[in-house]
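Listed in Swiss-Prot for this protein:
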- 139, 176, 177, 178, 179, 180, 188, 213, 238: ATP binding site (BINDING)
- 142: Mg(2+) binding site (BINDING)
């Protein structure tokens, strides 16, 4: 049986823990065929690990999209898009491609960096991506930006933000709480327009979690492509990334990536799902 084809529109992380490298590793683990349209290349200073983002020429980006669309993706995921032009184009490509699912990971900062890559990108995401997305996967910071509510510090804050984001056109909103809400448990909040669900796992080590957000969104995309409902895909992706985080490892003195193969190779983590 032919594999489902999944396109990631994302940046390249030279350390390979996040970005399109994380997406492709996740796609391989979850039995979908991964394709890439590269938006940028992220490199790191060897002394400080500060990030430098080099955009891909727009003509080259367009040629990548032409190739991918000609193949016919079943699902599309976005990661680091970088510019408002690319954000708009990503939304257009979903429509042009005829793909069944569109997962938006609204990347706004590089791991370890504090400043938004391009403040104007938030409004572009709201205008061009949220109305077309099947699922959007913001972390707390990104959800605060997309909703306009600012800093989110509780499940109730997350519910308010999820409702605002849902009202902007995305039918399935999953806000990743991570370690910000509790030191013992990891809480995410899922909203489908009818019911809020809290997704809970134990809190695992947080020193080596580079690429967790990309991996979660990529897993959601893969599960959707392979036939799971959005709710099922999100819960399964939470389990997949929890295993990856628990088995994260030290790469150097600055960073450690998640283990993208841990779910299949080592262990599968249980996710508790409760209505809230």
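Using N, Cα and C of the backbone, Cβ positions are placed for all residues, glycine too.
Look at the residue listed as 'Mg(2+) binding site': DSSP puts it in a helix. For the recorded site, residue 179 (ATP binding site), the DSSP three-state label reads coil. If you take the Cα of residue 177 (ATP binding site) and the Cα of residue 142 (Mg(2+) binding site), they are about 11 angstrom apart, rounded to a whole number.
With respect to their backbone Cα atoms, the residue listed as 'Mg(2+) binding site' and residue 238 (ATP binding site) stand 18 Å from each other. DSSP assigns residue 238 (ATP binding site) to a helical segment in the three-state reduction. Summarising the ATP site geometry, the residues cited as binding it (139, 176, 177, 178, 179, 180, 188, 213, 238) extend over a maximum Cα to Cα distance of 16 Å. Report note: the ATP site is defined by 139, 176, 177, 178, 179, 180, 188, 213, 238, and the residues of the same chain whose CB lies within 8 Å of the CB centroid of those residues, excluding them, are 140, 175, 186, 187, 212. Taking the Cβ of residue 139 (ATP binding site) as centre and 10 Å as the limit, one finds 23 other Cβ atoms among all the protein chains shown.
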